[in-house]
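Notes to accompany the following structure.
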Amino acid sequence: MTPIFTGSNISELDKYTIKNEPIDGTDLVERAASTFVNIFKRKYNKQTKIYVFAGSGNNGADALAIARMLLNDGYIVESYLFNPSNKLSIECEEHKTRLMHCPINRFTMITSTFNPPIIEDNSIIIDGIFGTGLNRQVEGGFAALIKFINSVSATVIAIDIPSGLFSESNMNNNPDTIVKANYTYTFEFPKLAFFFRENEKFIGKWKILPIGLSEKGKREIKTEYFLVEDKDMSAISTERSKFSHKGTFGHSLIIAGSKGMMGAACLSAKAAIKTGLGKLTLHVPSCGYTIAQTVVPEAMCQVDTDELFNTEINLDKDYTTIGVGPGLGNYPEGARMLETLFEKYRKPMVIDADALNIIANNRDLLRKIPKDSILTPHPGELERLTTFSTNSEEQIIQAQNLAYKYNIYVILKGAYSATCMPSGHVTFNSTGNPGMATGGSGDVLFGMLVGLLSCGYNPSTAAIMANYIHGLAGDIYVAKESEESLSASDIIDHIGLAFRQLRD
Ligand SMILES: NC(=O)C1=CN([C@@H]2O[C@H](COP(=O)(O)OP(=O)(O)OC[C@H]3O[C@@H](n4cnc5c(N)ncnc54)[C@H](OP(=O)(O)O)[C@@H]3O)[C@@H](O)[C@H]2O)[C@@H](O)CC1
Ligand SMILES: Nc1ncnc2c1ncn2[C@@H]1O[C@H](COP(=O)(O)OP(=O)(O)O)[C@@H](O)[C@H]1O
Ligand SMILES: [K+]
C-alpha cells in the first residue's frame, strides 16, 4: 500500500534520501521538476503561455527548475520569485541561478511590491509558492498573491500541493488564502489533505509523480495512513482450490428488510452471492417472503413472525458470519433484537444502515458488538454514532476513535472510503466514482463484506477488498456507460468483471 506521510515525515524522508543515496538536494529538485515537465509536455503545446509563481523554499526551487526546463524546450514562460525576507533555500538559490543563465529568461524576483501581470484565460499558472513546508497560515503579500491567482480564469497547476493548503490538518484555514488548482501533481505520495472532501476545490484532479525517494527510508518512517491501489489486491486475494465445495465458502446469514424496504435486503443478498459465498440465508419479515424468494432464488429464506419488521434472532445453524442492517427500519423491537444477536453470536459480523441508527439510539450496544466486526457508516450515520461534525478530517478521527475504543473496523464511506482499524491504521480506497452516489450502493458494499467474510477472509482483508472491488465494479460500468445511469444493480452486475480484472 502507498503510505501517506505527513509534511514532517516527508522532509525527514527527503533528508534520508539525500544522506543515503547518491543524490543531493539540488539534483532531487531537478529530478522532481523533470518528472513534472514530462507530464506537462504531453498535455500542453508550446503556444500555451505559462506563468510560474515560486516561493523561497524547495517548492519554489521546483517551480524555477520547471520554468528553466520549459524555456529550454521552447515554451513561453514568465517567472516570478517571491522573496520578501531575502532568504532562499540552498536549492532555490541554485535553481534561480540556473534559470537566470537561460538566454531569454523573463524572470522577476519580487522583494516588495508586486504588480501582477495580465494573465490571459487560456494560459497556465504553475503554483510553486509553498509546498509541504508551509508552517503557518498565509497572510499579507502572499495572501494577496494567492487571491490574485484565484481571481484569474487561467488553468492552475499546483506543484506537490496547492499553496496555502497544509499537508494534513486544515481545520482553521482561511479558504481565501489557498490556491484553487485545477490539477495537482504531487511527488511520490498523496498528502492526507487530498482525502478530505472540503479540499477538492483547492486540489482539483491529482496525480502522483514518482521521484525515486529512498524505499528503505519509506519503510523506516511510520505512518497510520495508507492508500489502497490495484497492486495491493493481488497480494491479498486468494484463488479457489480446485476441490472447493459450497461448504468451503461458508453459510452466512443476512438480517435485513422491512415493509417498503425489501429492495435493500435483496440487493445485499445478491451482492453477497456475487462475491463468492457458499450459502446464504436471508432473514426477512413475513411480508418479504415472496419478494426474497422470487428476487434472490439462490438464498434460503428465514421468516420472522412479525409481518413488517425483523424482531427475532434464529441461530438455527452455526453461521460463518452474520450481516445486519439494510432496510431494517427504525422500530421499538430493533434494539432488543440487536442485543440478543450480540449476546448469542460472538464472531465478527457486518453492521450497516438502520442497525447503526438503532445502535446510535442505544449506545450501550456499542460495547456489546463482537470484536473485529465491521461497521459501515456514511458520514450521517457516523455523526449519529458519535458527535456532530461537518469537517471530514474530524470525522475520520471520530471513526478512528470508535474503531480503537470498541475493537471494531469502521468503514467511513465516501469518495475515498476510509477503513479505520482497531490498530489505529486507516486505509483509503482509490476506486469508485460519483455515479456510486445513488441509493442502494451501500447495501451492495454491505453484501460484499458478508460475502468475503463468509469466504474466510479476515475482517481487515475483507474490508479493504470489498471497498476496492465495489468501486472497481462501478468504474468498469462507467467506462462502458455513464456515471448518471449507474444503479446499485449495475454494481452487482459488474462484480464478476471486477474480480476478473484483479486477476489479469
Ligand atoms: N521529499 C520530497 O518529496 C521532495 C520535495 N520537494 C519539494 O520541496 C517542497 C518542500 O520544500 P520546503 O521544505 O523547502 O518547503 P516549502 O513548501 O517550499 O516552503 C518553505 C518556505 O516557505 C516559507 N513559509 C512557510 N509557510 C509560510 C507562510 N505561511 N507564509 C510565508 N512563508 C511561509 C518558509 O519560510 P520561513 O518559515 O523560514 O519564514 C520557507 O521559506 C515540497 O513541497 C516539494 O515541492 C522536491 O523538490 C524534491 C523532493
Ligand atoms: N463520489 C463517490 N466516489 C466513490 N464512491 C462513492 C461516491 N459516492 C458514494 N460512493 C460509494 O457508494 C456507497 C454509498 O453508500 P451509502 O451512502 O450507504 O448509500 P446507500 O445508503 O444509498 O446504500 C459507499 O460505498 C461509497 O463509498
Ligand atoms: K505549491
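Using the three backbone atoms N, Cα and C, a Cβ is placed for every residue, glycine included.
All annotation found in TrEMBL is predicted automatically rather than curated by experts.
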Taking Asn45, Asn58, Asn59, Asn72 as the options, which does TrEMBL list with Asp127, Ser163 at the K(+) site? Asn59
According to TrEMBL, Lys413, Gly414, Ala415, Tyr416, Ser417 bind AMP; so which of Gly440, Gly442, Gly447 is the extra one listed there? Gly442
Among residues Lys413, Gly414, Ala415, Tyr416, Ser417, Gly442 annotated as binding AMP, what is the maximum Cα-Cα distance? Answer in Å. 14
For Ala61 ((6S)-NADPHX binding site), the closest of the binding-site residues by C-alpha position, picking from Asp127, Lys413, Ser417, Gly442, is Asp127
Drop a 10 Å sphere on every Cβ of the binding-site residues Gly414, Gly442 and tell me which sphere holds the fewest other Cβ atoms. Gly414
When pLDDT is averaged across the domain 'YjeF C-terminal' (229-502), the result is 96
Of Asp127, Thr132, Lys413, the binding-site residues whose C-beta sits under 6 angstroms from any atom of ligand 2 are Lys413
Measure from the CA atom of His378 ((6S)-NADPHX binding site) to the CA atom of Asn59 (K(+) binding site) and give the result in Å, rounded to a whole number. 36
Length of the line joining the Cα atoms of Lys413 (AMP binding site) and His378 ((6S)-NADPHX binding site), in Å: 5
From the Cα of His378 ((6S)-NADPHX binding site) across to the Cα of Ala415 (AMP binding site), what is the distance in angstrom? 11
